[in-house]
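Enquirer: According to TrEMBL, the protein has these features:
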{"type": "DOMAIN", "residues": "40-295", "note": "domain 'G-protein coupled receptors family 1 profile'"}
{"type": "TRANSMEM", "residues": "25-48", "note": "transmembrane segment"}
{"type": "TRANSMEM", "residues": "60-82", "note": "transmembrane segment"}
{"type": "TRANSMEM", "residues": "102-125", "note": "transmembrane segment"}
{"type": "TRANSMEM", "residues": "145-166", "note": "transmembrane segment"}
{"type": "TRANSMEM", "residues": "178-208", "note": "transmembrane segment"}
{"type": "TRANSMEM", "residues": "229-255", "note": "transmembrane segment"}
{"type": "TRANSMEM", "residues": "275-298", "note": "transmembrane segment"}
């Protein structure tokens, strides 16, 4: 018997409304996040490579985080837009693409969060102003740590390649083992939803406290102090935004896990859960799209570097057009 025959007119209207709203949100919100996110990541990369910022190890963690965000937007968000908005879902039909998507999205998410955490630790060590930390705060050391983190998460999450597969019954890319589903859900919830954000907040607050102390020291060099202040303010703002959207996403996951539909659940209930999952996805990808715009709003130095960059590109374009 077709399931739609058991749905009354009110339920059908509600379900159709959710489906329509989901498509409209895909075309507007998700597509907008994809476009502004990629533009922001490109500009972030350009600005942090400027001579005034590239000399700081913290900027290299920002750069690494931007690359991870590009990864998330162009694999995770792009495939979500194709799936929800255009009914194009190659990841649900190809086992190789299914494994690649699940593995890549999780690596990209953990890399982005870890690099922001490392930037927090970097700013904290700078604010402590101890000589013994200087060898840790070099660009060369930052590069080694960045590469190590890539290797660490690539190896640690390699089990996802084994357990990611396509359900033959539902033609949906997910994890083949029910025990593994519980494990990976708890793994991501605890690490990405709680531990990493809590560590960001702790080091961010410690940095703020130390900055207040540094401001009271007359012997601190003004230019050095200003650069550290701008980077720290920018970083703490990014942490705040990341934690907020991570909490919203995590809350959605907890709700879905608690009210997970069973075989006895009505089609209306299943569609409600699917829609809440979709809203959680919006929160998840928002944090990877807004970093550049947070930097503009919170850092005068970043705005100045952006103006210099755009001015130099305009001069180059004018010179090319003249010839």
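Glycine is treated like the rest: Cβ placed from N, Cα and C.
In terms of burial and nearby residues, how do these features look in this structure?
Expert: A Cβ distance under 8 Å defines the sequence-distant neighbours of the transmembrane segment (102-125), meaning residues of its chain 6+ beyond its ends; these are 57-58, 61-62, 64-65, 68-69, 71-72, 75-76, 133, 136-137, 142, 145-146, 149-150, 153-154, 157-158, 160-161, 164, 173, 175, 188, 191-192, 196-197, 199-200, 203-204, 206-207, 210, 228, 231-232, 235, 238-239, 242, 246, 284, 288.
Listed by sequence, the residues of this chain that lie at least six past the ends of the transmembrane segment (145-166) yet keep a Cβ under 8 A from its Cβ atoms are 60-61, 64, 92-95, 98-99, 101-103, 106-107, 110-111, 114-115, 118, 172-177, 180, 184.
Here the transmembrane segment (275-298) has Cβ contacts under 8 Å with residues 18, 21-22, 25, 29-30, 33-34, 36-37, 39-41, 43-44, 47, 65-66, 69, 72-73, 76-77, 80, 84, 109, 112, 233-234, 237-238, 241-242, 245-246, 248-249, 251-253, 255-256, 306 of the same chain, all six or more residues outside its ends.
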Enquirer: Output the single range from 25-48, 178-208, 229-255 maximising the number of Cβ pairs under 8 Å to the transmembrane segment (60-82).
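Expert: Going through each listed stretch, the top one turns out to be 25-48.
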Enquirer: Determine which residues of the chain contact the transmembrane segment (229-255) at the Cβ level, with the cut-off under 8 Å and only residues 6 or more beyond its ends counted.
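Expert: Beyond its ends, the transmembrane segment (229-255) has Cβ neighbours at 53, 56, 58-59, 62, 113, 116, 119-120, 123, 126-127, 185, 189, 192-194, 197, 200-201, 204, 207-208, 211, 276-277, 279-281, 283-284, 286-287, 290-291, 294-295, 297-302.
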